[in-house]
Amino acid sequence: MQKSVRYNEGHALYLAFLARKEGTKRGFLSKKAAEASRWHEKWFALYQNVLFYFEGEQSGRPAGMYLLEGCSCERTPAPPRTNAGPAGARDALDKQYYFTVLFGHEGQKPLELRCEEEQAGKEWMEAIHQASYADILIEREVLMQKYIHLVQIVETEKIAANQLRHQLEDQDTEIERLKSEIVALNKTKERMRPYHTHQEEEDPDIKKIKKVQSFMRGWLCRRKWKTIVQDYICSPHAESMRKRNQIVFTMVEAESEYVHQLYILVNGFLRPLRMAASSKKPPISHDDVSSIFLNSETIMFLHEIFHQGLKARLANWPTLVLADLFDILLPMLNIYQEFVRNHQYSLQVLANCKQNRDFDKLLKQYEGNPACEGRMLETFLTYPMFQIPRYIITLHELLAHTPHEHVERKSLEFAKSKLEELSRVMHDEVSDTENIRKNLAIERMIVEGCDILLDTSQTFIRQGSLIQVPSVERGKLSKVRLGSLSLKKEGERQCFLFTKHFLICTRSSGGKLHLLKTGGVLSLIQCTLIEEPDTSDDDTKGPGHMFGHLDFKIVVEPPDAAPFTVVLLAPSRQEKAAWMSDISQCVDNIRCNGLMTIVFEENSKVTVPHMIKSDARLHKDDTDICFSKTLNSCKVPQIRYASVERLLERLTDLRFLSIDFLNTFLHTYRIFTTAAVVLGKLSDIYKRPFTSIPVRSLELFFATSQNNREHLVDGKSPRLCRKFSSPPPLAVSRTSSPVRARKLSLTSSLNSRIGALDLTTSSSSSSPTTTVHSPAASPPPHTAVPESAPADRAGDSTDMSPCRSPSTTPRHLRYRQPGGQVADSTHCAVSPASAFAIATAAAGHGSPPGFNNERTCDKEFIIRRTATNRVLNVLRHWVSKHSQDFELNNELKMNVLNLLEEVLRDPDLLPQERKATANILRALSQDDQDDIHLKLEDIIQMTDCPKAECFETLSAMELAEQITLLDHIVFRSIPYEEFLGQGWMKLDKNERTPYIMKTSQHFNEMSNLVASQIMNYADISSRANAIEKWVAVADICRCLHNYNGVLEITSALNRSAIYRLKKTWTKVSKQTKALMDKLQKTVSSEGRFKNLRETLKNCNPPAVPYLGMYLTDLAFIEEGTPNFTEEGLVNFSKMRMISHIIREIRQFQQTAYRIDQQPKVIQYLLDKALVIDEDTLYELSLKIEPRLPA
């Protein structure tokens, strides 16, 4: 009997365990049984050259194993199938993959396997093929042969290298030997030549010839080198490098100044306030200090390092490498990002802290430090916001003068891209906080302080000089000439308009403001604006004729004092129209908020704040709009980015109209759209109000209680009925039908709770404080309130004036609420028509029979009247504030006239709407009779004198006045659209911005004239006297607030042709030199013209600022962030910042000087024959005082 083969079972089981865990290939296969042609599914695991199979994947002991050494594996076709069984099963079996493992000797039955997928079968076959140990031995032998071959090659190379080394050493030895031989031969030759050399040196002719040759060679070399140097100096590359170096030098100076500003911020405010917060009675908490000065100290340390690096680079001049410095700065930008995000909150915390008197007193003490130079804390907090845009402009200029192959170019471009990303965020934050900083700056200028400006919800609208007419003496003023010095001096007021208040101040000689003791702060909710005061106080002719129709009246009715009247006089009709538009819009916003809140909440379950919040389009970001956290004057989030369609939609949203949005839109719409598109949108709103208004806005406009739908359909309101004999202009009223007399009155429970809501129009002959009460119907019994109210409601009889609309008709709209409290809501502003529409639409249940015949809720009529209101309101602002648009675009003017004429043909037009339309038509059609604006060309034609004056015969006062007159004429002739788009920096600047270029040309011509007149004198004393006279002219210009003229003269005196005349300057008196230093400090460009800005802030118009200061600001904004985002949205935050700058420029443009023209003086100032060009001036200067020898 043959014995069975023994094997080590324990080791086999261990190998099976390893195969389960680390096998080369594992998985389920079907194995064909030997005894029957049946297939059994087993779990196989291949480990090295042994194949194990298990009953299942979790089986611990193998069912069998196969030794694969010497075997082969090949694919076999599927075996033939019988027809038994379902067809689907046969198809499945045919699709399976079959292969067979064949063993080396005959008589051994092959192992037949199959799997479900062809890919798995191929992987198993490949793994079995590679499992042969014999194949691995063959591969190892091949590798060993290659290794031995490589070792032999290496040894051969080593031997060759040693041989080469020996050859080199031998050659070195040979070279040394040859050198020594050459030296010996040279010494031998030298000993053999002494006689011949002596002979040559002794020949004088040869010696002279050699000297001449040497001189000529040197001269030719020097000439050629000089030519090379001159060519390079004049080459574009050298010019580019000079400009690049100058940019770097300017950057170092600006960085030094910025570090100094941060040093003042940290050491003058942050650290002292930290110490104050640790005192026994701290005026401020440590948390507030941290909130105000977040990261300020870290930013200072960062820029100190950056500044030191810049100075170290200058030590290596002319090689200036800056890219690595920006590489150091870029990773620290997250510090700036935190500062930027905290900026708005920082100013809000500061405004709240200023309400603490102890803190405010301490802060004024810190701001009084001479190092602050009169600047406020919020100014220092804003400096870091402008630094990143400054870096971007510097990088733009550096890249413009950096060749494309320069080693720094890529690094500088990368730094610029990163800084631009942060700059966009910074511009948004600066735009959002502009209003807070403006309010705090005005509050700091007022000596007595003004707590209402510490309310961060106040939005600054407008400022300017107006003349206050004493109302008690109006009968005596008929003989006073308009613009007389006595009236202007005594009655001139600096007025500031905010969304909730109107401030009237006087300015002291030091530039500080003082609020009027009576009527200095007017709450707009208590004011009624009358554009054309009544004529009852004058027996002969009205004040409109007396003051040229430049006066308007504000009737103030405080709840705890007697009513009083403020009469103000505007410098021009255009200024009056602009003031009236802004004041009326602010009053509309506040009045309609209060009115709407009372009416709406009384008659509907939907409150006004809920109506705004429920419209997600007003506060939630979308693909075509993005909002900021700051609220506008209507308590709706300001727009940060938006498409043109969304901006036009906001302009025509009938629920509210924010005055700050409207002003920004009208200032900057040319950047992202055209006047024709804006007018087309207004025309669509008027002609098709329902199709032009978003559906969601219509739904919220008519938001009512859930069960009031049937009342909305039939237009009946049982609880409300409105009545006024003459509706307020543009304040839409409702009637029973469009052709009936429009009489509405508020009755019922609303009438009982808030008092009678009377909408009356005071005629031109009525008293401004007269109140006309319309009889109200008795309220229903279940809502009646007894007439005998509690005694503490003493204010129920106080009459307030609600919405007033843009019209020149004086009128009063009054309403009352319990306790005499004035309805001053913080909700969004809507027109009066909107308020009544919603109130009427949201009426309660049950209608008395008397109301069935009078239709008081016609939705279409309300929408039409409100749309007409909005169109006329926008057009009034547009025409009154931006008349240049229509003067320069006749097609736009004709289209507006056609639209207004179409409005006049509307049979349903209310009388006041008709009058407002006629006023706009009149403003468009007639020339402004009080327009005293002259153009420079007109003055040149008027100065046709036979002989011009000379410099000696003209006084300093005459020169200063006429220079001021010319500068202001040139300055105010610049249309505001030229400030958009940086046209003055483009190649076609003379075509795009002709007036800005003309202003620049006039500045240069006046400066050239000053320098030429000084250089015309041959003797030193005459030149010194001329310098002293021009300095006196500059000082008079300063007194006249002509800072452009000051800079014209000081820049002429600082020209190299005049500044180098040391002998002349020694003859100039010390007082004149000190005065000139004072003038130069005032108009210095240091710190973004900080001294000039502070001076302009403390002076009343008229004034002529330096235009370059504003152009620099606009360039900062334009370079720092694009007009459109990558998604194509308008950057409205940038538009807001541009609008603020244009508003400040136009403030100085619109107030004219009352200086008489002197043709002889003007002809002298404009005579170009007296001007000497720059090169001739310098040559003349060298003749007068030649250069001293070195």
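Using the three backbone atoms N, Cα and C, a Cβ is placed for every residue, glycine included.
As recorded in Swiss-Prot, the features of this protein are as follows:
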COMPBIAS  760-776  compositional bias 'Low complexity'
COMPBIAS  798-810  compositional bias 'Polar residues'
DOMAIN    22-133  domain 'PH 1'
DOMAIN    205-234  domain 'IQ'
DOMAIN    635-755  domain 'N-terminal Ras-GEF'
DOMAIN    955-1187  domain 'Ras-GEF'
MOD_RES   Ser725  phosphoserine
MOD_RES   Ser726  phosphoserine
MOD_RES   Ser736  phosphoserine
MOD_RES   Ser745  phosphoserine
MOD_RES   Ser749  phosphoserine
MOD_RES   Ser801  phosphoserine
MOD_RES   Ser805  phosphoserine
MOD_RES   Ser925  phosphoserine
REGION    713-744  region 'Disordered'
REGION    743-751  region 'Regulates proteasomal degradation'
REGION    757-826  region 'Disordered'
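For Ser925 (phosphoserine), other Cβ atoms within 10 Å of its Cβ number 10. DSSP states for the domain 'PH 1' (22-133), grouped as helix (H, G, I), strand (E, B) and coil, give 22 helix, 41 strand, 49 coil.
On the 0 to 100 pLDDT scale, the model's mean across the region 'Regulates proteasomal degradation' (743-751) is 32. Secondary structure counts, DSSP: the domain 'IQ' (205-234) has 29 helix, 0 strand, 1 coil.
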